[in-house]
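Asker: As annotated in TrEMBL:
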TRANSMEM  21-40  transmembrane segment
TRANSMEM  46-67  transmembrane segment
TRANSMEM  79-97  transmembrane segment
TRANSMEM  103-123  transmembrane segment
TRANSMEM  144-167  transmembrane segment
TRANSMEM  173-192  transmembrane segment
TRANSMEM  231-250  transmembrane segment
TRANSMEM  256-277  transmembrane segment
Amino acid sequence: MENTQIPIWKQVNFVKLWLSQTFNALAHILLQVVVMVQVYKMTNSIVGSASVLAIMSLSLFISGLIASKIIDRYSMKNIIHFAGWARAFLSALIGYFLTIETYVGLIGLFGAIIINSFINAWYNPARFALLPLIVSNDQYVKANGTLVMIQQMLMAAGWALGGILIAFVWFPYIILIICLAYISSGITVYFIKLDEKENKDQSQENKVPAWIEVWRIPVVRSITIMETIEGFSNAIWTSALLLAFATVILDAGEEWWGFLNASYFLGAIIGSFIVTFNARTFSNSID
């Protein structure tokens, strides 16, 4: 763990983790945008495009229940490194299936999406578990709030950028950008320097399956249920219906769909700013 007196932006390990999350967030959003738009064009169906994020959300939820076991068994750095390369390969596979406008192509596409989302669920838990090993306890809330704030900003920018790119750039080129971003995410975190003993001790702390912990703690259970319902609602409303609304009702391009989605995250960005700049208050409340 680096010196607690050093500002987080001057700590090399924190910057590497931030870069990894930046590449990961951009790749994830761009992949969602590309797949949803292409599936909508292939099927001309709101249900078809809505099913993309619905399947992603379900796969993330199921994989998240066993993510703690994966993190306990393997190095967090290796998990994120592997996830980056694996998702790069799967993104290329998704791009290939998007060129096959048949039912076989759709089946292969959704299969690749399920596997991609399943692996993607390991990233955030590993990132959360890695952060306390990089920054001090006094800096944790500020560091985490900063990462969350930046992630929300990237999600807003990613939807807007994705909408513009999909409107003017041939989608295989966007798939290439996604693959490179995932690879960069994995490589960047691989070079984080950790105390191996501290890393080992951290991995031994929790041996209870995540789904048992989620159901045992009322607050966590309620938040998990709320987030799950919200995730499926967003998959249908924020993405699929807005895509149809922008292209059919407004007769606008996909870039306006991206702008509409980006506006959704402005509130999350404001909330992240509040947490980041009031880190001490929130730390005292948690303690």
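Any Cβ shown, glycine's included, is placed from N, Cα and C.
Just so you know, TrEMBL annotations never went through curation; they're auto-generated.
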Asker: Using Cβ distances below 8 Å and needing 3 or more such pairs, separated by at least 6 in sequence, tell me whether the transmembrane segment (79-97) contacts the transmembrane segment (103-123).
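Answerer: Answer yes: the transmembrane segment (79-97) meets the transmembrane segment (103-123) with 3 or more Cβ pairs below 8 Å.
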Asker: Out of 21-40, 46-67, 103-123, 144-167, which stretch has the largest tally of CB pairs under 8 angstroms to the transmembrane segment (173-192)?
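Answerer: Going through each listed stretch, the top one turns out to be 21-40.
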Asker: Cβ pairs under 8 Å with the transmembrane segment (21-40): which stretch of 46-67, 103-123, 144-167 has the most?
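Answerer: Checked against 46-67, 103-123, 144-167; highest Cβ contact count belongs to 144-167.
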